[in-house]
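Single-structure report; data block below.
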Amino acid sequence: MSVLWTIFVVQSILLALNSNLGGAENATAVFDEDGNLVVGLVIVHEREQQNVPALASRAIRSFLSQTKGVSVFDYYIAYNRDHVIFNDNLELCSAVQKGATFLLDFTWTDTNRIMAAADNFNIPYVHADASPQTFLKVMETYLRARGANDVVYIFDSPENADMAIYFLITESQLRTIIFDRLSDNAIERIKSVRPYPSFFAIIANTSQMGVLFGRALQGGLVTKPDKWNLIFMDVETERFEYHETFPAMSRLLMEKSTCCMLMNMEDGCTCPVEFKPWEAHLENVVQKVLQQALRDQLPLVTQEDCSVVGSSATAEISGLLRDLRSDERFWMPDGSRMLRYNLNVSIWSSTEEDEAEAIRVGSIAKGVVVPSEGNRIKATKRYFRVGTTESIPWAYRRRDPQTGEIILDEAGQPIWEGYCIDFLQQLSKVMSFDYDLVWPKKGTFGMRDKAGNWDGLIGDLVVGEIDFAMASMKMTAEREEVVDFVAPYFEQTGILIVMRNPVRETSLFKFMTVLRLEVWLSILLAIVATAVMLWLLDKFSPYSAKNNKQAYPYECRDFTLKESFWFALTSFTPQGGGEAPKALSGRTLVAAYWLFVVLMLATFTANLAAFLTVERMQTPVQSLEQLSRQSRIKYTVVKNSDTHDYFKNMKNAEDVLYQMWRNLTLSSGNDQAQYRVWDYPIKEQYINILSAIESAKPVDSAEAGFKRVNERLEADFAFVHDSAEIKYEISRNCNLTEVGEVFAEQPYAIAVQQGSHLQDELSFYILELQKERYFESLTAKFWNNSVRGVCPNTDDSEGITLESLGGVFIATLVGLALAMVTLAGEVLYYRRKDRQTKLVQVEPAAETPNNKSKKEKQQSLNFKNMLNLDPKNNLNKVADKKIPKEITIGSKFVPASEKQQKISYISVFPRNPIH
């Protein structure tokens, strides 16, 4: 600053030497008749500063009451900015004609017009601040120390807002927006500012500060308290009610030492309730100028012709400016010619280590920010509005698992999750920025209408609604016409087909479905018919064991009706039916029946194996081409999605190629022989696919598409969508499976505004994260197939399940149960019969000759059967038989020793006489 000031002084001296020395008719010190030095003060102020004349007059009176030997004449000029040249100002010319010693400029901004007029009249010139503008300068100094680039200023009155505009035009280096007070309209306008501001600053006294901050809080502007900065223009800051509520916001509090310093009082003084630093500053400047005029006996400049240009008076004020710089009450910022009042300001905010409590982190004096010992001014983070849209698993709003309603945070905003959200959080850490997530009001990723206007995320980037878009956005040439893309952050993704795993009908008697009902009924009828025929043949055939005892003297199987059924049933088992009939007719029937059994068992076994094998081999289509060639499986896409556009474009390409081929073959100027083909050389695959999609009606969202697939239990519906989303859904749904390979691959990337400085920076940090293998861990988090470990195994390659053949075991258990029931019936029947036999006692009747004869015949027959004697056999064989020692003849076996009537002898007579 000292170098600039030296140059300024030298230039002023040169101007004074080269100026018209006759410009000032009288440039000597003037004394009145009492010997007092005559000082003329010309004070220029803004028309809005109506209190400046009263304040200056009070300062002059105070000076004259304390100082002798000086007489002051003051002239006040309300500055009119409509005048291009200030020299022709009638009030200034009138003052110069009477005589002027100093020109004090209290306007809001540095202006060359007033200073040039002072130089022309050879009047010393001082520009000082007599407004709250210095508070604005202190706030900007603090914001720049935090690294701010833009800010929204909020003032408590339109006058202060007007004052700030002139300062911001000439001295501010921040992108600034100004609002006076906070109406509902102003709050909505702040919310619509794009790019959204990084900082907010309120400049007001304590009472107005509480009102303004309360409105901002109620209007939803205080989403990030650390972005809010408050500077109080009085010392009654204890009345502010939000000190403890938001410790993270910065509060610049004017210390009471400022009051004592500007009022020329000792430390610890009592500040007036309505103390205004700029008013005290005005009085100090006026008194300082008068002291300088009295001390240096400055001349009273008079000039009759205001159009004559005089010499510069810089030399006369150089000493004054040096004194002002050394005075602790005054502050002249670097690069500025405005003399400002010094403010001792303490900075209160939370630290990065402890954000729950506000402490004194620093101070500001003469525009220098000094951190407190052990603390530092918390550096600001850049702020971006990041656009996104719902696309699972990239970005989605958290929902209640029961009701499906969106869950909101404390601020009433939805909670976003997903791959892109985690990636964005990591980027905010390595790039040190804050962000808000914004979703498009219309559309999703972006579609261009016929007029060339975009909606969705692309449209928000074009109009500046967002700074960059973080979503599952594919890089396309059409989008690159209006936005820029950074380095891709995700591997190549494309389009994939998803279908539902077919629901197999589980039945415990699945083996029974191998043969149809009529076949089973036919088998049952064959068993019944065979059993009946076997019984009839054994009964009526003269060569059966039953009717031919001579040929079969040993014990043979008696094929009763019951025994025949048992033979027919057991013939189906590997054990076989047992002893076969003896007659040729019966054996012929059994041979034919056994052939039938062998064929039926072989047929059942082969069909069962084929049935289970074919069931495991049932698979859906394996490619997009197969899907387009069939009609059983319906399929669809998300309406107006990238996948939908892909099929539309491919269909249009086929149409164009067909038109070109037709024009080529039908053109009379070409040799048609070389284009004569039997088949159309271009497949109409995508024409058929798009037609099938339109007939199945595209869905509104991917969620609806997955739902439709999951509802089709017969696996007759497919959903064509983004491969990454399909693989994510498959990893979390046991019912879904992917079909075929990925096609139409494209990368995902972040989109930024055209020419944005963020493009190179984002690309750099994405490449750095790739080196750290960050994306691999992030991919594993969202595409973790371990969730499918809990899915039931539907693959029968490891063996036939119990559900398929459980009926066999049930049939066995049923047979076991029937056997036990039969056993119980047999036991009960036997006990009941035995009990009845014991209870009924029948007396023996008197034996008549007829009865006796019948009785003897029956006993003889029983004994013959017991000995298995044949009348044709000779009696020598009887001797070979071992006759039991105890024999009882009757319907019930009773030992002979227990019989009351002993048998004395037994007579045996053969049926045929023995020759």
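Backbone N, Cα and C atoms are what each Cβ position is placed from, and that goes for glycine too.
Bear in mind that the values here come from a model prediction, so they are computed numbers and not experimental data.
In the disulfide annotation of TrEMBL, Cys791 is paired with Cys734 out of the candidates Cys556, Cys734. For the pair Val621 (site 'Crucial to convey clamshell closure to channel opening') and Cys734 (disulfide bond), the C-alpha distance works out to 19 angstrom. All chains included, 14 other C-beta atoms sit within 10 angstroms of the C-beta of Cys734 (disulfide bond). The 10 Å shell around the Cβ of Val621 (site 'Crucial to convey clamshell closure to channel opening') contains 19 further Cβ atoms across the protein chains shown. According to DSSP, the domain 'Ionotropic glutamate receptor L-glutamate and glycine-binding' (393-463) comprises 21 helix, 17 strand, 33 coil. The average pLDDT computed for the domain 'Ionotropic glutamate receptor L-glutamate and glycine-binding' (393-463) is 90. Long-range Cβ neighbours of Cys791 (disulfide bond) (same chain, at least 6 residues apart, Cβ-Cβ under 8 Å): Cys734.
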